[in-house]
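Enquirer: Right, I'll just put the structure down here and ask away after.
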Amino acid sequence: MGLLASAGLLLLLVIGHPRSLGLKCGIRMVNMKSKEPAVGSRFFSRISSWRNSTVTGHPWQVSLKSDEHHFCGGSLIQEDRVVTAAHCLDSLSEKQLKNITVTSGEYSLFQKDKQEQNIPVSKIITHPEYNSREYMSPDIALLYLKHKVKFGNAVQPICLPDSDDKVEPGILCLSSGWGKISKTSEYSNVLQEMELPIMDDRACNTVLKSMNLPPLGRTMLCAGFPDWGMDACQGDSGGPLVCRRGGGIWILAGITSWVAGCAGGSVPVRNNHVKASLGIFSKVSELMDFITQNLFTGLDRGQPLSKVGSRYITKALSSVQEVNGSQRGKGILDMEKQVGCDHDYVSLRSSSGVLFNQRSLMEDDGKQNKRVCGKILPSPLLAETSEAMVPFVSDTEDSGSGFELTVTAVQKSEAGSGCGSLAILVEEGTNHSAKYPDLYPSNTRCHWFICAPEKHIIKLTFEDFAVKFSPNCIYDAVVIYGDSEEKHKLAKLCGMLTITSIFSSSNMTVIYFKSDGKNRLQGFKARFTILPSESLNKFEPKLPPQNNPVSTVKAILHDVCGIPPFSPQWLSRRIAGGEEACPHCWPWQVGLRFLGDYQCGGAIINPVWILTAAHCVQLKNNPLSWTIIAGDHDRNLKESTEQVRRAKHIIVHEDFNTLSYDSDIALIQLSSPLEYNSVVRPVCLPHSAEPLFSSEICAVTGWGSISADGGLASRLQQIQVHVLEREVCEHTYYSAHPGGITEKMICAGFAASGEKDFCQGDSGGPLVCRHENGPFVLYGIVSWGAGCVQPWKPGVFARVMIFLDWIQSKINGPASLQTNNKCKTLKQQLPPPTPSPDSASWPGCCSEAELEKPRGFFPTPRYLLDYRGRLECSWVLRVSASSMAKFTIEYLSLLGSPVCQDSVLIIYEERHSKRKTAGGLHGRRLYSMTFMSPGPLVRVTFHALVRGAFGISYIVLKVLGPKDSKITRLSQSSNREHLVPCEDVLLTKPEGIMQIPRNSHRTTMGCQWRLVAPLNHIIQLNIINFPMKPTTFVCHGHLRVYEGFGPGKKLIASFAGTLAMILTKDILKREKLNFINTYIMHIWENSVYDNVRSVGKRKQKKFASNLSYSMEAEKSRIQVPADLVPAKGSLSGS
């Protein structure tokens, strides 16, 4: 390390130059396309569920293969180095170890991806302390590749953690791999990912203890929920657990090791009430010594090193020139520009203090540190001591000449910053918020007065801007005036912005910056230049609006429940610890005051009724003593948005138990109705079709105490919590509570030591959840919990759904309440859950929903996530006599049930009171399927007992001629078509029918056909009839269609179900290859369905399935028939 010594202070000056961006560790190409934010602002609805990743979503993910079969995951940390779990290699023989290959750039296991690279492994190093018989031994191995990978969009390394990277409990990270879709299935076809939080060691150890497992070791990391469930068991050993730094760079936090609590494991669960499954990962930050010790073996001297931990170019300076402050040395800064300075940077450190533009940033170890990189010219770096260290870190990317610093000793002084006084600037230069780029101070007021010569104007350009957002910038803001009296306001700015230049209209500009006491960001840096007045016309400047909120007020009817005027903003990706809420993002929140003092929170459910906790009002039930304030954010200020009402009547639930807090719910009737507007709106009550499940992410709001010994918060606070299983919550956290956690309670919260959960003053407030783009629904009322005194315990809420009948009976009138019924209330208010241009309506899940538009989209609740639990849905489309209906199944996933028909999607055609089953579908579809029906009525029903998801788009087409003129059912026999029996045969004729005979006795049958078309031809496969029936234990009968022959064949279609209507699945060749391998496997159960009953006797079908095929020139791809055009206007049934 460079050691600088002299008397006085040290001053370092650097000058920056433009730089280009190269491929770097920890960057996903999806970030650049989607502009993934550095700070999480979205609301998470459910995170412990596997989903398909994007193609370039995890470029550091690799597949470890033996004999071309995937067996584990891994992470690329360098061009020729991969880390994985040591246990992945335990069961392999010496011969198998020598034949391991690493595949990078892979997305699909069953087809070759564009950037896929297969590289043999030359050397394996396992951690010396790894022991396969110990749960908590260092489970890590380093693989050396025979040659380097080629980096690209789908192949990039992951960053390894630095010493100052802290992975805190509650931070949401990503796990990825080709884990099995279910316990008995094969690996997933495409790369999966799951978002899950880092778990507190103490909470993790509590769960591990209940399973008779040892506590978490120093080298292990725990992630997930105490009641994670079987989703955790589908992971991929050796794969990465990556977390994101504040600047957006991803780091490798963990390596998937094992899962505690999975069924079939060798370790019994001591307490059979515990349903936990926790992911245990090797903690990379604790294993950096092993990685760095072996990472650079074999590298040539002088070869650039990948960034691992802290490495510095070191040179000691024996003396420093002392100056009086008027002289300034010059330097050079030519380094990569990155948010957070993660890859290349130079920093200034000292043991007692560092000022960087009169700001300091304390590290956890008591030292102070600040990084500099990129091209933005920083002001002098000032250290308060006569000793300092200047570390320089660079990675392998050769993207700049580095830096040159001038070091001088100066006398201590306090330069004016414009904060607490007025700074007058008369020369071109820069100004910035105090402590920039660190967090600006609380309760700051700063003024800069820029004065140019006469006949000149001032150009103000913000090079960086991050100021806490609030509607109308009412808290933190930068205000720019065009006159010294501050009457001509040019702009009022807040949020995280990229702003164009602002030009003054005269030779004066005033910049005013203010901050409050909460949630500070890094502030701003602005450069100002002085230009001749006539140059203003050359630039044609576009002034920003006077107010620039990040989100505008949504154009939603005020009485529509659950829709806030502004989307909630979250400064952190953590789901532990509270923060100030975005003003008016929770418009149903009210404050309850008793004799003028704040007591509890509540939720608006209609203009005259408030829902709150019974314990808040039971002993103070005189309505005259209570006032209710709606539209409030800062309870210490009188805000123009407030509406104050007196209480008229208080109703406490008759079964409220003061000992157990069971039935802790109450209603307050207001003296006069609230006036709904953009900041005062009701919240939806839950609908019976959408129950609340464990691991869902919800939000709690209130003005409760920020700490156990602190006072109430002045501004509304918010916190994200996850829902726990009642049994897990009771037996893990509240086993001694009187009465336990009853069915009338919800347990929610993230167990993290030292974090605020719920405190005095939060009681009665709302627990709201939302499903994807749906409205917020009131599932709980804050009741009790030990979270304020013992932060590692979750909170407990009154379960609102249990009390719906009680609420209705007290309010006395169904018209007075709004439930989350998307079929009626929100059908036209909400966008569809997928960004499909054809989605004109989203009627939701009801006993029967009419599809009223000629085109639209309807899915299961929280599509694309699986709906968990019992669900019955039905949609009806009426088709006029001159139209056809086209249904396209965009997505189908009906898994997780041992009995096939526990989850089924059925399409019926109904004509003259007769119902005909057109299709009954199960399984999983990764492609679209199309149904055509003439109607007059088509009914789609969905039945699920366990889990499932689907999305269907539809359109009604106008038929200009007779309905059957262009679209007819294919005959099961034809004189001109070639009939193909069930055998392994090569088909080259241009068309034919493949038939499977129905056997009269129980048997297992397999049929395989291979179709080869001429060059520049395509193959169309039409399923005429394909019945599949379930046995007691499993669904039998599958049709799979592959592209190509042999080991390289690609699965492009898979069917299971009963398909009997006009179903056309076009299998079209997009490459020059022109062959399809069709493979069918049927397992028949004679006792179940070999024979079809008829009146008086049994009648056997001759054929079980019929499939027709045809080979056509490529230009004749299937088109919508010319006489089918989209229907206009409304639909009518025949």
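Heads up, the Cβ atoms here are built off N, Cα and C, so glycines get one too.
Pasting the relevant annotations from Swiss-Prot:
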SIGNAL    1-22  signal peptide
ACT_SITE  H87  active site, charge relay system
BINDING   E116  Ca(2+) binding site
ACT_SITE  D139  active site, charge relay system
ACT_SITE  S237  active site, charge relay system
ACT_SITE  H615  active site, charge relay system
ACT_SITE  D664  active site, charge relay system
ACT_SITE  S763  active site, charge relay system
DOMAIN    846-957  domain 'CUB 3'
Enquirer: Near H87 (active site, charge relay system), which of the recorded positions E116, H615, D664, S763 can be found within 10 Å, Cα to Cα?
Expert: none
Enquirer: So for S237 (active site, charge relay system), how many other CB atoms are inside 10 Å of its CB?
Expert: 21
Enquirer: In terms of DSSP three-state secondary structure, what is the assignment for D139 (active site, charge relay system)?
Expert: coil
Enquirer: Nearest by CA distance to D139 (active site, charge relay system): which of the active-site residues is it, out of S237, D664, S763?
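Expert: Given the candidates S237, D664, S763, the nearest one is S237.
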Enquirer: Return the single residue from the recorded positions list (E116, D139, D664) that has the minimum number of other CB atoms within 10 Å.
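Expert: Comparing Cβ neighbour counts within 10 Å for the recorded positions E116, D139, D664 gives E116.
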Enquirer: Between S763 (active site, charge relay system) and H615 (active site, charge relay system), what is the CA-CA distance rounded to a whole number of Å?
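Expert: Checking the Cα atoms of S763 (active site, charge relay system) and H615 (active site, charge relay system) gives a distance of 8 Å.
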Enquirer: Please name which of the recorded positions listed here, E116, H615, D664, is nearest in space to S237 (active site, charge relay system), Cα against Cα.
Expert: E116
Enquirer: Whole-number answer please: how many Å between the C-alpha atoms of H615 (active site, charge relay system) and E116 (Ca(2+) binding site)?
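Expert: Counting only the Cα atoms, the answer is 61 Å.
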Enquirer: Between H87, S763, which of the active-site residues has its C-beta surrounded by the fewest other C-beta atoms within 10 Å?
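Expert: Each of the active-site residues H87, S763 was scored by Cβ atoms within 10 Å; lowest is H87.
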Enquirer: Taking 10 A as the limit, how many CB atoms besides its own sit near the CB of H615 (active site, charge relay system)?
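Expert: Within a 10 Å radius of the Cβ of H615 (active site, charge relay system) lie 21 other Cβ atoms.
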